[in-house]
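Novice: Pasting the feature list from TrEMBL:
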- 13-260: domain 'Nodulin-like' (DOMAIN)
- 349-549: domain 'NFD4 C-terminal' (DOMAIN)
- 280-301: region 'Disordered' (REGION)
- 78-97: transmembrane segment (TRANSMEM)
- 109-131: transmembrane segment (TRANSMEM)
- 143-162: transmembrane segment (TRANSMEM)
- 174-194: transmembrane segment (TRANSMEM)
- 206-233: transmembrane segment (TRANSMEM)
- 239-260: transmembrane segment (TRANSMEM)
- 352-370: transmembrane segment (TRANSMEM)
- 376-398: transmembrane segment (TRANSMEM)
- 419-438: transmembrane segment (TRANSMEM)
- 444-463: transmembrane segment (TRANSMEM)
- 475-502: transmembrane segment (TRANSMEM)
- 522-543: transmembrane segment (TRANSMEM)
Amino acid sequence: MPPQVLKAGSRPPWVGLAAAVWVQIAAGNTYNFPLYSSALKSVMGYNQQQVTFLGVANDIGENIGILPGIACNKFPPWAVMSVGAVACFLGYGVLWLAVSQTVQGLPYWLLWIALCVATNSSAWYGTAVLVTNMRNFPLSRGTVAGLLKGYIGISAAVYTAIYSMVLDESASKLLLFLTLGLPVICLVMMYFIRHCTPASGEDSSVHVHFLFTQAASITLAVYILVVTILYDLVSFGKILAYIIIVIMIVLMASPLAIPVKMTFFPTDFKKFGPRGASSDKLAEGDSDSTPADPLLLTPSSSEANLGNFHESEYTSDVEYLLAVGEGAVKKKRRPRRGEEFKFHEAFIKADFWLLWFVYFLGVGSGVTVLNNLAQIGIALGVSDTTILLSLFSFCNFLGRLGGGAVSEHFVRSNMIPRTIWMTLAQTIMVVAFLLYASGLNGTLYAATALLGVCYGVQFSIMIPTASELFGLKHFGIIFNFMGLGNPIGALLFSGLMAGKLYDAEAAKQGSSTCVGTDCFKVTFLILAGMCGLGTLLSIILSVRIRPVYQMLYAGGSFRIAQTSGH
């Protein structure tokens with residue numbers, strides 16, 4: 001199915017971005033496990049080890065995105081999202097049957113598989129909207145990645161507000177909402193998320209539109225954080241609670257103001273001066289094209305018929321052979337960094353594995369703290385650990401949003417590789433882990449805030465970096481493979497290391513609960529060393545890929561490389 005051809009700068013890409021906000025919040029369904037795990041434990045009579053293993057299923061389902069990545073190149077976004085909707089309905093439906101005791105005696109293995117299927121919907125939702133919007137806005141990759149990943153970070157607070165204020169803190173009602181509500185939301189939104197022909201140039205309104213969307217996301221995050229704290233301190237009536245939720249929904253829908261504004265107040269692009277032609281104009285062989293513009297091709301008779309051949313995902317082998325025969329393209333060669341890579345071509349590149357290990361060390365160490373944050377707080381004398389979780393989540397959102405925006409600014413203005421911000425973030429993470437290990441009074445909240453920000457940065461930097469080095473054509477499977485660093489890190493650092501060290505220290509104290517700085521001290525020191533290694537690898541990677549960024553952003557904006565070998 002060929003991509004829809006739309007006029008560059010038209011409303012549909014912005015409509016798709018506004019719809020993607022809702023889908024990304026739906027994709028954050030995996031953050032709900034702590035809200036219903038205790039009910040699952042009590043109803044089914046599970047022990048803590050069994051519940052912990054269900055948490056592993058939650059992480060596995062969320063991060064196994066290879067199939068969605070492949071599907072994004074073969075099927076339209078609505079089809080990919082439909083699979084996610086079905087997985088969400090079936091998986092959470094089984095969990096609801098168990099917790100509501102509608103069906104009794106469901107075996108443990110069935111619930112484990114159901115949780116994997118349910119949370120795997122997150123991979124299908126997230127991959128569909130992220131890949132589509134990255135392709136629709138290829139000149140603003142860091143900003144788009146930061147925005148969409150930021151909204152996933154907000155989703156935890158959104159679900160907590162709905163759970164507390166509307167669903168009466170009922171795990172059964174929450175699972176029913178996840179079973180029916182999320183698929184309906186995504187089935188409605190998938191109509192608006194579609195491939196569009198992106199503009200190859202920019203006007204000033206694009207920057208303003210992204211600033212508005214970023215401001216809307218920050219406003220939503222601050223609003224939910226404030227009302228959540230107030231809800232814990234003050235008793236809200238049911239009517240007031242519903243009003244709060246309605247305001248939250250309005251803030252979630254605020255990015256839709258951009259296409260509405262474009263409808264009633266269309267921009268006259270002429271006043272901004274000449275712009276690069278859109279890729280659909282390239283396909284027509286626009287006679288106004290000039291060789292000086294790096295995005296434009298001088299059309300020959302063959303190239304005029306082939307159009308933007310190099311970036312087409314739908315050109316047949318016959319067309320390719322004819323093009324070779326006519327001399328329009330050369331025989332295929334291996335792509336260079338900054339061009340379009342197939343997965344197996346990227347897989348054998350040193351930069352691919354350097355980026356993977358940098359990301360693995362950053363998110364693997366961060367998720368270890370996240371998974372054990374409640375125990376860390378108790379060990380260091382904090383009675384209400386929900387404050388720590390809220391602080392980490394909010395700072396995680398700021399890191400995701402800020403990492404994308406800041407890296408986008410500096411890559412355009414100074415051609416600084418995005419990975420330099422991973423270097424800075426992991427350096428700060430070393431400091432945060434040392435603060436945790438010290439156990440000094442007053443450092444716990446500061447360390448948690450620092451770690452939350454730096455953990456979020458890893459996501460918003462890895463995604464656009466992978467797209468810039470290896471292209472967008474097979475981006476879905478490439479970035480999902482990179483994402484495997486998260487569950488592998490959780491398994492190695494959290495499950496196999498932190499858990500064993502904690503239990504060993506608790507055994508010395510003669511209890512199942514460990515108290516004191518020694519509970520996680522060795523873990524924190526090891527994690528600090530891992531981030532130190534990540535810092536070193538990210539420096540090496542940044543030096544290696546700096547020429548790529550000098551080529552891609554030499555004109556102050558992303559330059560779409562022409563892959564002459566394809």
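Placement of Cβ uses the backbone N, Cα and C atoms for every residue, glycine included.
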Novice: Quick check for me: are there 3+ Cβ pairs below 8 Å between the transmembrane segment (522-543) and the transmembrane segment (419-438), leaving out pairs under 6 residues apart?
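Specialist: As far as Cβ distances go (cut-off 8 Å, pairs 6 or more apart), the transmembrane segment (522-543) and the transmembrane segment (419-438) touch.
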Novice: Report, as numbers and ranges, which residues of the same chain sit near the transmembrane segment (78-97): CB under 8 Å and 6 or more residues beyond its ends.
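Specialist: Same-chain contacts beyond the flanks: 23, 26, 29, 36, 40, 61, 68, 71-72, 103, 106, 110-111, 114-125, 127-129, 172, 175-176, 178-180, 182-183, 186-187, 189-191, 193-194.
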Novice: Check the transmembrane segment (475-502) against the transmembrane segment (376-398) for contact, please; criterion is three or more CB pairs under 8 Å, pairs 6 or more apart in sequence.
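Specialist: Counting Cβ pairs under 8 Å, fewer than 3, so no.
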Novice: State the non-local partners of the transmembrane segment (376-398) in its own chain: residues 6+ outside its ends, Cβ under 8 Å from one of its Cβ atoms.
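Specialist: For the transmembrane segment (376-398), the list is 150, 153-154, 156-157, 217, 221, 225, 228-229, 369-370, 436, 439, 444-445, 448-453, 455-456, 513-517, 519-520.
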Novice: The transmembrane segment (239-260): which same-chain residues, six or more beyond its ends, come within Cβ distance under 8 Å?
Specialist: 11-12, 14-15, 17-18, 21-22, 25, 158, 161-162, 165-166, 209, 212-213, 216, 219-220, 223-224, 227, 231
Novice: Does the transmembrane segment (109-131) reach the transmembrane segment (206-233) with at least 3 CB pairs under 8 A, where each pair is 6 or more residues apart?
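Specialist: They are not in contact.
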Novice: Restricting attention to the domain 'Nodulin-like' (13-260), give the mean pLDDT.
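Specialist: Summarising the domain 'Nodulin-like' (13-260) by its mean pLDDT gives 87.
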